[in-house]
Ligand SMILES: NC(=O)c1ccc[n+]([C@@H]2O[C@H](COP(=O)([O-])OP(=O)(O)OC[C@H]3O[C@@H](n4cnc5c(N)ncnc54)[C@H](O)[C@@H]3O)[C@@H](O)[C@H]2O)c1
């Protein structure tokens, strides 16, 4: 595609999602009027696709100067990146399929703008700020973190006394993880797997590694598609929950023998390793929806393989002792590396949280550490979403509030 065609394609994608993100649109209109981010510089490392572009535009319209790059080498859409670069006050450095060095060079370029606010998805910007670019830390008012894995990293830094800036855990807003991680990852992971393989899900045994919010969504949608769902867990309560939700639960060592399609959603390392590859069926399909590409141990699979062939776009077939094991999108999050990511209506809430939290950081002085999303902001997102859906809910009457807050009334 020529540059002009890339920009047109990116503009079209952004226009489509903008029309399906009503909550972010309300915030965008308010930002345009009130200019709450005037004078602020925002550095971002997020999946550069259309919904993210709608957030970036919102921040720029609110008065900020924004520089953005990707947070994963395979999730950038080059047309969206090109379109963003045509906007005032926005620089985008993301490129699809960049190598490790290029990825970190782009992170550096984003930080060269000397931001006072950061937005991460996986904490790579913050990590860089705390290692090679520590001189910039005094200027940072705060940051926002989008995903579970990023929060884990930041909490580990906080525990070690290493976190030197305030960060809002946007992932942990109710209007983020209950919807984005569950319904967003649930639907978009299957979209990525189905469009990549063009195979039937009904009648297959699907193994979901991890029954957290992403795993619950992926399992729920697999059931809906007619799969026989097996869940693996390390947490007894979540394992029990999976069983009571109607799924079979077993160890991965056992599940590895039966699975036709494996989807890892743990945020952990080495969920699928040599001992699992050794017993997998011919034709098994492996996909990851967790943040980093560490859940499927591809080094071990590569070492075991007699040959490795690309058999379809985004599918590598590893030949292991006469069996074919197919890995989607090199084990990178399948919904973004082999799809368009979450549906726009879900990202509407996640990014409405991001925009509100950026404004909150600009207007409040926060201490270093991981902070929750203020409850009233979280509820505000839910209220706006309900309104956009035309749904009205009941309000507590005063005697009901008194009853709920009192202790005198019993049997
Ligand atoms: N693909 C996407 O678009 C997307 C969206 C949101 C979050 N994420 C990422 O997905 C991952 C999971 O997020 P979440 O919000 O569901 O987290 P979560 O903490 O709610 O769930 C993770 C689950 O995995 C389980 N687990 C950990 N190690 C395991 C192992 N070895 N075997 C089996 N189970 C194991 C945990 O007990 C937990 O129940 C994170 O990396 C997160 O950043 C991806």
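Just so it is clear, glycine is given a Cβ too, placed from its N, Cα and C backbone atoms.
Listed features, source TrEMBL:
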- 121, 146, 176, 180: substrate binding site (BINDING)
- 147-149, 181, 210-217, 233, 268, 289-291, 335, 342: NAD(+) binding site (BINDING)
- 181-341: domain 'S-adenosyl-L-homocysteine hydrolase NAD binding' (DOMAIN)
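Features as recorded by TrEMBL, highlighted on the structure.
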{"residue": "121", "record": "substrate binding site", "Cβ neighbours (10 Å)": "27"}
{"residue": "146", "record": "substrate binding site", "Cβ neighbours (10 Å)": "28"}
{"residue": "147", "record": "NAD(+) binding site", "Cβ neighbours (10 Å)": "28"}
{"residue": "176", "record": "substrate binding site", "Cβ neighbours (10 Å)": "28"}
{"residue": "180", "record": "substrate binding site", "Cβ neighbours (10 Å)": "28"}
{"residue": "181", "record": "NAD(+) binding site", "Cβ neighbours (10 Å)": "24"}
{"residue": "212", "record": "NAD(+) binding site", "Cβ neighbours (10 Å)": "19"}
{"residue": "215", "record": "NAD(+) binding site", "Cβ neighbours (10 Å)": "30"}
{"residue": "290", "record": "NAD(+) binding site", "Cβ neighbours (10 Å)": "29"}
{"residue": "342", "record": "NAD(+) binding site", "Cβ neighbours (10 Å)": "26"}
Between residue 121 (substrate binding site) and residue 233 (NAD(+) binding site), find the distance joining the two CA atoms and give it rounded to the nearest Å. 24
Beyond the site residues 121, 146, 176, 180: chain residues whose C-beta lies within 8 Å of the centroid, for substrate: 147, 170, 171, 177, 181, 350, 353, 354
Over the residue list 121, 146, 176, 180, recorded for substrate, what is the maximum interresidue Cα distance in Å? 13
Distance [Cα-Cα, Å, rounded] between residue 181 (NAD(+) binding site) and residue 146 (substrate binding site): 11
Taking only the residues in the domain 'S-adenosyl-L-homocysteine hydrolase NAD binding' (181-341), give me the average pLDDT of this model. 97
Tell me the Cα distance separating residue 180 (substrate binding site) from residue 212 (NAD(+) binding site), rounded to the nearest angstrom. 12
Rounded to a whole number of Å, the separation of the Cα atoms of residue 180 (substrate binding site) and residue 290 (NAD(+) binding site) comes to 13
